[in-house]
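What TrEMBL says about this protein:
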- GLU119: active site, proton donor (ACT_SITE)
- ASP252: active site (ACT_SITE)
- GLU361: active site, proton donor (ACT_SITE)
- GLU386: active site (ACT_SITE)
- THR472: Ca(2+) binding site (BINDING)
- CYS315-CYS347: disulfide bond (DISULFID)
- 1-29: region 'Disordered' (REGION)
Amino acid sequence: MKTKEKKPLPAVPIPNLIGTHGGDPEDNDLREKREKIKEMMKHAWDNYRIYGWGHNELRPIARKGHSTNIFGSSQMGATIVDALDTLYIMGLHDEFRDGQKWIENNLDFSVNSEVSVFEVNIRFIGGLLAAYYLSGEEIFKIKAVQLAEKLLPAFNTPTGIPWAMVNLKSGVGRNWGWASAGSSILAEFGTLHMEFVHLSYLTGNPIYYKKVMHIRKLLQKMDRPNGLYPNYLNPRTGRWGQYHTSVGGLGDSFYEYLLKAWLMSDKTDHEARKMYDDAIEAIEKHLIRKSRGGLTFIGEWKNGHLEKKMGHLACFAGGMFVLGADGSRMDQAGHYLELGAEIARTCHESYDRTALKLGPESFKFDGAVEAVAVRQAEKYYILRPEVIETYWYLWRFTHDPRYREWGWEAALAIEKYCRVTGGFSGVKDVYSSTPTHDDVQQSFFLAETLKYLYLLFSSDDLLPLDHWVFNTEAHPLPVLHLANTTLSRNPAVR
């Protein structure tokens, strides 16, 4: 096959990047904790390097590569791409260079492989863009754009709402078989905005921006039952699927990206902020409740009633409420700080009420049972970051020492129960004092869990939040002052 000559990407002014390294705390105890997190990262990375190099993930007990269907059948080195920025901010530069070399020589997107558009966007495009901004190495930008081009055919639907999966070679898209009557999923098509705006910024090509703004316009026109966004939308008909709303899985990062679109635009994208405020008001009215024991939780709306159950994934919302407090309507900043702190406490309780001091995948609030998983299938912990993410945001905004204490408790529990000689593994039952491992070291453990822990024990001048916005996979992207870029011709930006 002849390869088309590619035009070089245009030179664009890189935003003023502040706080890309350092962050050493003055306190000795904090320094030791931070070094411990760095050592955990090195253990996870070194074992992946030995036993899983080039594979998407690692099976640390079997000591071999691992992949899930979200990455398709090919070896795309998901852990390498996902871990790059964490390695960089921790100062693990030899490891970073090893990853960069692999990407230069081996990362190939012209493979006959069906991948999740959402996962590949947040982990690969997000990871490559963050590595580019932090290090200035052009190869990361080039690879991010190559991959983005491969995702564009997913948008070829009657409505412009993308398919959940796309074949990187053929461009054929489809949806997950289990999703309500062939629907696309709110959190998946609603979690493209940050990365796609940056792609348009870096390439000068408006197509990426247009794709995500089209999704936004379509959503704005639709009726929302009780002001809530259902989790399923049919890309053929443009109608909602079953009425199920959640701030956990299937919904979560859609809301996060409305807020972060506003933050990333240097607070000029007022349309995104309005959509966020409207959505949060409806969520607070219909989904947020207090349990008998006084714990604030976010339930799920299913077929006309509230299910009193909260997922680990929904625990990110504590951090989101705090991040969105400044700029909230009718000066409710204090209210949202308080709400974020209450969610953090509930999620901490879900950890504290287990044998391992690690939280279950989801937990109930039924009568006497509070913040505890009931079904065996919900008792697992797969190295997830959301609770620690919320601790970090609350630490940054309040400097209340409890968040560092809680984060350290979680770090010690991960070290004690998830560390194995070949890396880190999830556990199948957090209520059992002799846990069984699931034998998977998730790429997000290196991208998110360890990064948020490291930042929690760093000073605030490392990746300050008025200059950086983290994508949903914890990849930091700089705030764009869009008034002086080619994107500013768009009225939404003006």
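Cβ atoms here come from the backbone N, Cα and C positions, even for glycine.
Owing to the predicted nature of the structure, the values given are computational and were not obtained by experimental measurement.
Counted over every protein chain shown, other Cβ atoms within 10 Å are most numerous around CYS315 among the disulfide-bonded residues CYS315, CYS347. For the pair formed by ASP252 (active site) and THR472 (Ca(2+) binding site), distance between Cα atoms is given as 9 Å, rounded to the nearest Å. For the pair the residue listed as 'Ca(2+) binding site' and GLU386 (active site), the C-alpha distance works out to 10 angstrom. Ranking the active-site residues GLU119, GLU361, GLU386 by the distance of their Cα atoms from the Cα of CYS315 (disulfide bond) places GLU386 first. Cα spacing between GLU119 (active site, proton donor) and GLU386 (active site): 16 Å, rounded to the nearest whole number. Counting only same-chain residues six or more apart in sequence, the Cβ atoms lying under 8 angstroms from the Cβ of GLU386 (active site) belong to HIS312, LEU313, ALA314, CYS315, PHE316, CYS347.
Of the listed active-site residues, namely ASP252, GLU361, the sparsest CB environment within 10 A is found at GLU361. Of all the recorded positions listed here (GLU119, THR472), it is GLU119 whose C-beta has the fewest other C-beta atoms within 10 angstroms.
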